[in-house]
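> Encoded as structure tokens, here's the structure I'll be asking about.
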Amino acid sequence: MNSLASSFMHNFSGQLLSRVLSFCINMYLLRQIDSDALGLVNVNLMLFYSTTIFLIREPFRKVFLGSEIPLSVVLTHLWLAPLICPLIAAVLYLCFWLPFSTVPDASLVPSYAAALSVFAFSAWLESFAEPYVILSLRFGMDAQYAFAQGFLVISQRVFVLILTVMVPILPVYAFCFAQVLSSFCYTALCIYLLVSGIRSVAPSVRGFSLMSVYPTFPKAFSKENLSILGAFTVHSIFKQVVTNGTGYVLTFTNFFPLSDQAVFDAVDKLGSLVARVIFAPLEHSAYLYFSTCFRRTTSAKGRIETDVQKGINAMSSLLHIVILVGTVIFIFAIPYSPLAVKIYGGTVLINNSGANILRLYCFYIIIIAINGIIECFAMATMNEKELLSHGWFLFFSSPIQIFLSFIFPYAIGAYGLILANIITMLMRIAYSWRHIRRFSRGQISFLKSLPNFPTILILFFCLMVTSLSFLVSFLNFIKISRCTFYIGKKRNESLLIFGEIDGIMHSAAHVAVGSSLFIFVINHIYQNDLHVAKFLSDKSLGSHNG
């Protein structure tokens with residue numbers, strides 16, 4: 001297996017390109033499409049789609065990415081995914097979306113049921129790609145996987161852009177058709193990449209063709225694997241509710257109109273850009289790495305001690321890295337959020353407190369990053385009984401998440417949704433951390449994972465300087481004429497430090513200050529942080545003691 005770092009770099013490069021292009025297209029769509037239509041699609045319909053496909057991807061990947069399960073057994077079980085997917089979509093539609101979600105105005109979408117059906121169909125198409133995706137990852141085809149995931153993200157936005165510009169149809173229908181087209185192309189690409197690339201990555205596989213992927217029935221299903229798959233499915237249901245509780249509150253309540261939902265979703269996409277580009281690929285690669293170090297079917301005594309130690313060392317290093325990266329992002333988000341929302345969404349976000357929401361969301365990103373790595377390690381080291389226990393924990397956390405998401409918005413609006421997520425995420429971290437401390441016998445320390453003191457001082461200095469730059473640039477740009485200052489000018493004149501009021505010079509100077517300090521911080525971290533230096537130099541994190 002490739003090192004964790006090289007696996008991450010493949011996923012990171014694919015996510016970076018796709019998210020940047022998607023970011024640019026979203027900037028255009030936010031300015032051209034009605035905010036109510038965006039709120040309906042990006043919150044309601046996409047939540048239906050993401051819930052359906054998550055309940056397929058999460059349990060199957062968690063169970064069958066481990067190398068201890070023979071390929072013949074894997075193939076037999078993987079084709080359950082496209083069979084189960086329509087059932088999940090039907091249950092979600094009949095039991096939740098149909099009776100509880102608010103039917104949008106007919107001017108937005110004449111047939112709400114048809115729109116939901118189209119998004120369910122796109123999830124079903126992608127479920128056919130899962131066997132090929134899992135086999136690709138089993139054979140170490142990380143670059144091909146990253147390319148396919150990036151292609152899916154880009155194609156969704158490109159098809160929407162083409163349809164909205166060139167075809168005279170309702171925006172919601174444009175999103176529906178784009179969703180199906182991108183899912184079909186993604187599935188076809190996954191099949192092609194596996195069939196065409198498997199010989200280069202696995203020379204021992206001879207005569208591999210499209211038919212080789214299909215199972216040979218009748219073949220007995222493994223009771224043990226089905227039991228673990230069922231446990232992960234239940235676990236995934238509660239995890240989805242806890243993770244996306246905000247989306248369910250927005251969809252099934254009338255707290256926020258569709259236009260406000262569009263604003264919150266836009267801030268969510270902007271704030272989670274770093275999480276999607278850096279942390280999501282890192283979590284994916286980390287789980288693959290931990291799965292090889294800790295085999296679920298092997299007893300604790302039967303595990304190889306060196307592999308266990310490598311996994312523990314990797315966990316310590318990764319936890320330190322995500323805390324460090326998240327802290328850096330948050331520090332620079334405080335002064336640069338107004339500029340970010342202005343560039344991304346224009347007046348739509350500026351007039352709806354987008355900057356302050358983004359600041360709080362960036363603090364939430366730190367919590368997300370910590371939880372992602374901790375849960376990866378916990379999931380890879382839990383046995384079936386512990387997984388069931390964790391599932392019960394998520395079961396009881398779900399109503400807490402929903403309750404907090406109901407209560408907090410009454411008091412503090414959209415900030416309450418993020419605060420509810422922070423509280424429930426901290427609960428998940430505490431639960432997983434207790435398991436990790438017990439498993440590692442105290443070898444992993446949270447305090448040792450925090451940034452060192454010189455780095456904290458440098459980040460504090462950067463916060464002070466960039467905040468001053470922000471004040472100069474955004475708070476009326478320091479009209480010093482209102483004070484009694486004499487700097488070679490007449491009284492009652494404005495001293496504009498960074499050019500014209502609200503002009504390009506202000507923004508350019510503000511960005512220049514931040515860019516210089518950001519480069520300085522990155523250089524300091526690379527020169528002085530052992531964990532980051534070894535990770536970026538593509539050395540396996542498990543090979544050193546953290």
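In case you wondered, yes, glycine gets a Cβ from its N, Cα and C as well.
Here the structure is a predicted model, which means the values were calculated and not measured.
Just lifted these from TrEMBL, have a look:
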type	residues	note
TRANSMEM	37-56	transmembrane segment
TRANSMEM	77-100	transmembrane segment
TRANSMEM	112-133	transmembrane segment
TRANSMEM	145-166	transmembrane segment
TRANSMEM	172-195	transmembrane segment
TRANSMEM	318-337	transmembrane segment
TRANSMEM	357-380	transmembrane segment
TRANSMEM	452-475	transmembrane segment
> How about long-range neighbours of the transmembrane segment (172-195): same chain, 6 or more residues beyond its ends, C-beta under 8 Å?
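For the transmembrane segment (172-195), the list is 37, 40-41, 45, 49, 108-109, 114-115, 118-119, 121-123, 125-126, 128-129, 132-133, 135-136, 141, 144, 147-148, 151-152, 155-157, 159-160, 162-164, 208-210, 213.
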> Have the transmembrane segment (318-337) and the transmembrane segment (145-166) got at least three CB pairs under 8 Å, pairs 6 or more apart in sequence?
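They are not in contact.
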> Apart from its near flanks, which chain residues at least 6 from the ends of the transmembrane segment (357-380) lie with a Cβ under 8 angstroms of it?
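Contacts with the transmembrane segment (357-380): 62, 264, 267-268, 270-272, 274-275, 279-280, 282-283, 286-287, 290-291, 293-294, 296, 311, 315, 318-319, 322-323, 325-327, 329-330, 333-334, 337, 340-341, 387, 390, 414-415, 418-419, 421-422, 425-426, 428-429, 432-433, 435-436.
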